[in-house]
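Copied over from TrEMBL:
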type	residues	note
TRANSMEM	138-162	transmembrane segment
TRANSMEM	174-194	transmembrane segment
DOMAIN	215-374	domain 'Palmitoyltransferase DHHC'
TRANSMEM	259-278	transmembrane segment
TRANSMEM	340-364	transmembrane segment
Amino acid sequence: MRANCRSGFRSVNCQSQVSISLPLANTWLLSRFLLSFRKCRREEWSLRISCLHRAVRAYCRCRMRWCPSSVLHLLRCVRLRLCTRRGRNRLPLWIREKWAYMKLLVQSLYFNSLTDSDVVFDSVFEPVFWTVDYITRWFGLVFVCLVVILVSSILMIAYMVLLPLVLNTYSPPWIAWHICYGHWNLVMIAFHYYKAAKTSPGFPPTEKNDSPFVSVCKKCIMPKPARTHHCGICNRCILKMDHHCPWLNNCVGHFNHRYFFSFCLFLTLGCVYCSISGRNLFLDAYNALERFKHLDMEKPGIPVTGMGILIGLLPPGQTNYQTSAPSYTFKEKMINKSIIYMWVLTSTVGVALGALTIWHAVLISRGETSIERHINSKERKRMAKRGKVYRNPFNYGRLNNLKIFFGVEKRSHWVTRVLLPSGHAPHGDGLTWDVFPVKKDPIPV
């Protein structure tokens with residue numbers, strides 16, 4: 001019986017993870033035992049006091065010794081007090097879950113060896129990024145409709161206002177030039193915008209395959225091939241991702257990057273063409289509106305009083321001298337305003353979009369995307385600190401980069417695939433890349 005009690009006592013002793021000495025009834029040892037709980041949390045206090053209470057009673061029964069009731073009463077009071085205090089301060093479950101999640105996030109920033117300034121910045125501004133992504137995702141159709149409305153308004157002004165002026169004032173060669181170039185530019189803009197918005201940018205395979213990958217996406221938990229990045233707006237990984245364009249409501253990736261750049265290029269050319277060719281019309285329309293404004297400011301009549309009525313300056317019953325009607329019509333005023341609207345809009349878009357197009361052209365000539373530019377710049381600085389020179393593994397030279405980007409395989413493709421609408425697929429599948437500098441032409445022309 002004593003052995004069984006001892007074994008039972010040892011099991012209790014193991015659960016409490018506390019070494020209990022023989023004279024547990026001694027008040028001095030009990031106080032020393034309780035002082036060791038100061039560094040424990042409140043939950044551990046309650047658990048250990050409860051185990052201690054059971055251990056004391058089991059020890060006294062096994063040893064057939066009398067235990068002071070004051071000690072048992074003290075242990076019982078301490079246990080009840082801790083249980084009552086813990087239940088009194090318990091918060092709702094959802095608050096405790098949120099608080100535990102926030103504590104885990106903060107601790108991950110302190111106890112992670114991979115934590116740097118970028119991780120802290122992303123963690124702090126994650127709500128801002130999520131809000132921007134959410135708004136961009138839901139307002140994508142609004143941006144697309146805005147592009148269609150603005151371009152359609154310019155086309156209406158060009159056909160209803162500018163085309164009659166061109167036919168009445170310009171010589172036949174200039175008329176042919178404006179008609180041919182304007183319609184060619186319009187076809188290129190419409191074709192490339194439609195293809196850029198409707199063509200899938202390319203996604204990595206979701207099923208198991210033998211294609212190589214360089215990392216695992218921490219959001220998709222899927223393998224990522226080289227030059228693949230995760231889009232927070234589309235919530236998917238994109239092959240050779242450049243950026244997410246809200247004006248297209250689509251990501252710019254491997255399969256539609258050429259359409260996006262061609263749309264920006266030809267839209268810039270169209271805006272510059274309208275701005276240069278409509279400069280004189282804009283000046284004439286602005287001067288006409290200023291003249292109309294001065295005419296409107298003149299008083300319509302001068303009141304005639306006193307002797308003027310008696311000597312017969314006005315017919316009987318008329319007290320004001322009526323001026324003549326204005327020398328312009330409402331149609332002329334609207335035509336001049338539409339010309340000013342077209343010139344201001346095309347000039348502004350031409351400057352802004354032209355800067356963006358030039359920047360993308362420089363990136364394409366270097367063989368990198370917008371995201372890779374930031375990655376390569378950081379890598380270049382990191383290698384410079386070690387005394388080394390970093391080179392972009394996807395840069396094959398300026399001319400070769402342009403050939404690969406536009407899919408030029410022979411000289412005639414500069415016309416059929418660059419200057420004319422073409423729906424050919426880009427070079428490569430977006431999963432594998434030649435990651436070494438090529439000294440010869442990958443696509444000889």
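In case you wondered, yes, glycine gets a Cβ from its N, Cα and C as well.
A TrEMBL annotation is a machine prediction, not a hand-curated record.
Packing against the transmembrane segment (340-364) from elsewhere in the chain are residues 150, 153-154, 157-158, 162, 261, 264-265, 267-268, 270-272, 274-275, 278-279, 281-282, 285-286, 289, 370, 373, 401-402, 405: each is 6 or more residues past its ends and has a CB under 8 Å from a CB in it. Long-range Cβ contacts of the transmembrane segment (174-194) within its own chain (Cβ-Cβ under 8 Å, at least 6 residues beyond either end) map to 147, 151, 155, 158, 166-167, 248, 259-260, 262-263, 266-267, 269-270, 273, 277, 421. Mean pLDDT for the domain 'Palmitoyltransferase DHHC' (215-374) in the predicted structure: 83.
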